[in-house]
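According to TrEMBL, the feature active site, proton donor/acceptor maps to Glu80, His233. Taken from TrEMBL, the feature active site, acyl-thioester intermediate applies to Cys111. Residues or ranges marked as (3S)-3-hydroxy-3-methylglutaryl-CoA binding site in TrEMBL: Asp30, Tyr143, Lys242, Asn275. Per TrEMBL, the feature domain 'Hydroxymethylglutaryl-coenzyme A synthase N-terminal' maps to 3-163. If you look up TrEMBL, you'll see 261-352 marked as domain 'Hydroxymethylglutaryl-coenzyme A synthase C-terminal'.
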Amino acid sequence: MMQIGIDKMGLFTPNTYLDLVMLANARGVDPDKFTIGIGQDQMAIAPLSQDSVTMGVNAALDLLDGENRDNISLLVLGTESGIDQSKAGALYIQRLLGLQNARAFEIKEACYGATAGLMTAYDYVTAHPDQKALVIGSDIARYGLETPGEVTQGAGAVAMLVSAQPRLMVLEPQTTVHSADVQDFWRPNYSKEAFARGKYSTEQYIDFFQKTWADYRNTTDRTIADFKALCFHLPYTKMGLKALRTILPEATEAQQADLLARYQESTLYSRQIGNIYTGSLYLGLMSLLEQSQQLQAGDRIGLFSYGSGAISEFFTAILQPNFETQLAAQKHADLLAKRQQLTMAEYETQFQTELPEDGSAFEIDLTVDPSPVVLTRMKEHERIYEVLTQAVKP
Ligand code: CAA
């Protein structure tokens, strides 16, 4: 049988971050609330030169080689921090990656967007097994200074190459979906910051998880014993843990310990990057795959995607022989280690600095951003992007 799945994954996060103990002190909050109660240590802060387009390109650079380039004919950008109401960010991404003639579009459903892209890619490659799809989740999470959501901000992107006979993981066909019109988190067109009914959103997340999980158990013959690890959408790392704990009693004591240990491994990247919305589930998956020493080919991993508004999907993947060769743990360790820490004043200034909205020309200071692909300036309401590294030019 034809098997479809993820062949390779790429990660990008901007090179500046805020330490959350510092944020706690500045806000008069016990740091343990952030590091233990919320489960976050740092959050990535995007400079003006990074947006959902550039971060998406920077995440996808590592996935492309000569052979892939020719066969990528679907390019989906999942984002809730898009830069335009009409034109898809995927078209800028296509050009900056040196691709052409793909079905390129942008998709929105809060943090579920990349999963919608992944499922679309699965169907597309099933129908066109000689083709590949590039799925990108890229976002900047903004709640505002001195809001309860402030500590759960972040920025980054994940890119996934979907193909037949994938070398990383095969996606299994059975998935379960739950969706309903729920007002837990949203961002009206006129607002740069998201609105969240905080407590309510966490309750909806858990409720949606329990429904998709129960459906999965009822419609397949699988139980929790069939899973080596469970990955969750991670708006902050305590959130997935709360959901996981509700089904842990279904496992033996030994398996409970294993699932909790795998869960911790899946949270290591998010703890340092924060919420990247559409990419967060996949950031957790990358963290698990790159940081765990306990996984083997043939292991089944469960994935829970949640997008406020709301829709959830539970799906599963099987690790492939030599999957380790598709990972880039050292590169991602370097990406995190090379970041610069911001002071509170720098963070607040950065947060409040905006690109012009009146069509005036504006040059962006690029000295703080070593990323290969950047937004360089604004000109007559247009964003001008540049590939700075010659090596990545097609
Ligand atoms: N030491 C240790 N723990 C402490 C503590 C201390 N000194 N003080 C408080 N805590 C614990 C609390 O007990 C609580 O733990 P539990 O949740 O296990 O009970 C935790 O810290 C958080 O405390 P609060 O509930 O009081 O926190 P809050 O009300 O200030 O804010 C939040 C939490 C509602 C999640 C807020 O950060 C928020 O609104 N975030 C944005 C919305 C969000 O992320 N929702 C998640 C579900 S929606 C989704 O998943 C989509 C998405 O990406 C947005």
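Even glycines carry a Cβ here, placed using N, Cα and C.
Projection of TrEMBL feature records onto the structure.
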| residue | record | Cβ contacts under 8 Å, 6 or more apart |
| --- | --- | --- |
| Asp30 | (3S)-3-hydroxy-3-methylglutaryl-CoA binding site | Ala24 |
| Glu80 | active site, proton donor/acceptor | Lys108, Ala110, Cys111, Gly113, Asp139, Arg187, Tyr277, Thr278 |
| Tyr143 | (3S)-3-hydroxy-3-methylglutaryl-CoA binding site | Gly149, Glu150, Thr152, Gln153, Glu193, Ala194, Ala196 |
| His233 | active site, proton donor/acceptor | Cys111, Tyr205, Met239, Gly240, Ser280, Leu281, Gly284, Phe304, Ser305, Tyr306, Gly307 |
| Lys242 | (3S)-3-hydroxy-3-methylglutaryl-CoA binding site | Thr202, Ile206 |
| Asn275 | (3S)-3-hydroxy-3-methylglutaryl-CoA binding site | Met43, Ala141, Thr152, Gln153, Gly154, Leu234, Pro235, Tyr236 |
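With a 10 A radius on its CB, Cys111 (active site, acyl-thioester intermediate) counts 31 other CB atoms from all the protein chains.
Mean pLDDT for the domain 'Hydroxymethylglutaryl-coenzyme A synthase N-terminal' (3-163) in this predicted model: 97. The secondary structure of Glu80 (active site, proton donor/acceptor), as reduced to three states from DSSP, is coil rather than helix or strand.
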